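Per Swiss-Prot, these features apply:
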- Thr10: phosphothreonine (MOD_RES)
- Thr16: phosphothreonine (MOD_RES)
- 54-98: region 'Disordered' (REGION)
- 54-65: compositional bias 'Polar residues' (COMPBIAS)
- Thr91: phosphothreonine (MOD_RES)
- 148-184: region 'Disordered' (REGION)
- Thr150: phosphothreonine (MOD_RES)
- Ser188: phosphoserine (MOD_RES)
- 216-279: region 'Multimerization' (REGION)
- 218-245: coiled coil (COILED)
- Thr250: phosphothreonine (MOD_RES)
- Ser257: phosphoserine (MOD_RES)
- Thr258: phosphothreonine (MOD_RES)
- Thr282: phosphothreonine (MOD_RES)
- Thr298: phosphothreonine (MOD_RES)
- 343-391: region 'Interaction with the nucleoprotein' (REGION)
- Ser374: phosphoserine (MOD_RES)
- Thr375: phosphothreonine (MOD_RES)
Amino acid sequence: MDQFIKQDETGDLIETGMNVANHFLSAPIQGTNSLSKASIIPGVAPVLIGNPEQKNIQHPTASHQGSKSKGRGSGVRSIIVPPSEAGNGGTQIPEPLFAQTGQGGIVTTVYQDPTIQPTGSYRSVELTKIGKERMINRFVEKPRISTPVTEFKRGGPGAAAQGQTIQEEGIDGNGASAGSKERSGSLSGATLYAHLSLPQQDSTPANVGIAPQSAISANEIMDLLRGMDARLQHLEQKVDKVLAQGSMVTQIKNELSTVKTTLATIEGMMATVKIMDPGNPTGVPVDELRRSFSDHVTIVSGPGDVSFSSSEEPTLYLDELARPVSKPRPAKQTKPQPVKDLAGRKVMITKMITDCVANPQMKQAFEQRLAKASTEDALNDIKRDIIRSAI
């Protein structure tokens, strides 16, 4: 015989079980007065052997179940229908009660009203719930009863403890045995008395009180936060102003680069002029120099042609060094320098003093010097000192 179940057979078994469960759950509850043999579902007749009209219905279980429950006693458990749910014969039962089974495989159902009898659908649901409860209670271990602990004293057990007998604790069902208690065989009292340790709790209880009020320093913290917020806003305003001047800074950089380019061009032109005219100017006009180069004294000794001599200036003169010249040069007169307008420069220097000088004493000293200045050189010196003090 093949010990392995095929996949098709497993699927058929699962489908059959689901059909049986759906049949039990979907079967309507009939309100008949009695349970006839025609209403019994095929397959559960051995369980329902006996007269269904009796008040107490007892059904023996299978032989293998009875052999396992012989040592546990023959207990009988009952299901009691409350009077509120009891009625006349033929009434519909809204919710069937759980049927309980006792030891020995005996199922007993007790009704307070003899007129109410279970119908076929009720018994079907009852049998289904009996099997479910058996499967659940199969793995539940019954509570154990511990034997009292005898008090141990020096010199052996007391007179009251001598008459007590210790019985081994049995277990009713599957599970490990807790063992048996035995008295100490030592009568010398070498082993001291030890108290029984109490069971430990899962958690230690804690006292719950009213939550404390707000701390006193909360107001100080709020004031500090407000101050920090104000400082942050002030810094943000300054940063916004700095960012707003970004375009102006870019424009200043462009103008500065233009000025540097122009200055480099001027320096190149000045170097070219110095190369072309390395001498020092004397202040004599160019026409005068050309005329002095062209006019010269010619001495004719003896007869000869004197037609080449100029007849415009026949008279010669002697200069300061007794040199013969055709005409004495007029004395050089110094031209008076034009008086420049210094009012505009004074206004500019006054503005520089106001913007660049922060020290009140230095500002007053510059204003006094500006009032006394009457030449351009004095104004330039004042302007130079203002720039140095600002740096």
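Easy rule for this one: first residue shown is 1, then count along the chain.
Glycine is no exception: its Cβ is also placed from the backbone N, Cα and C atoms.
Shown here: features listed in Swiss-Prot, placed on the structure.
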residue: Thr10; record: phosphothreonine; contacts (Cβ under 8 Å, 6+ apart): none
residue: Thr16; record: phosphothreonine; contacts (Cβ under 8 Å, 6+ apart): none
residue: Thr250; record: phosphothreonine; contacts (Cβ under 8 Å, 6+ apart): none
residue: Ser257; record: phosphoserine; contacts (Cβ under 8 Å, 6+ apart): none
residue: Thr258; record: phosphothreonine; contacts (Cβ under 8 Å, 6+ apart): none
residue: Ser374; record: phosphoserine; contacts (Cβ under 8 Å, 6+ apart): Leu342
residue: Thr375; record: phosphothreonine; contacts (Cβ under 8 Å, 6+ apart): Leu342
- prompt: What kind of secondary structure is Ser374 (phosphoserine) part of, going by DSSP in three states?
  reply: coil
Message: With DSSP assignments reduced to helix, strand and coil, which class does Thr10 (phosphothreonine) get?
response: helix
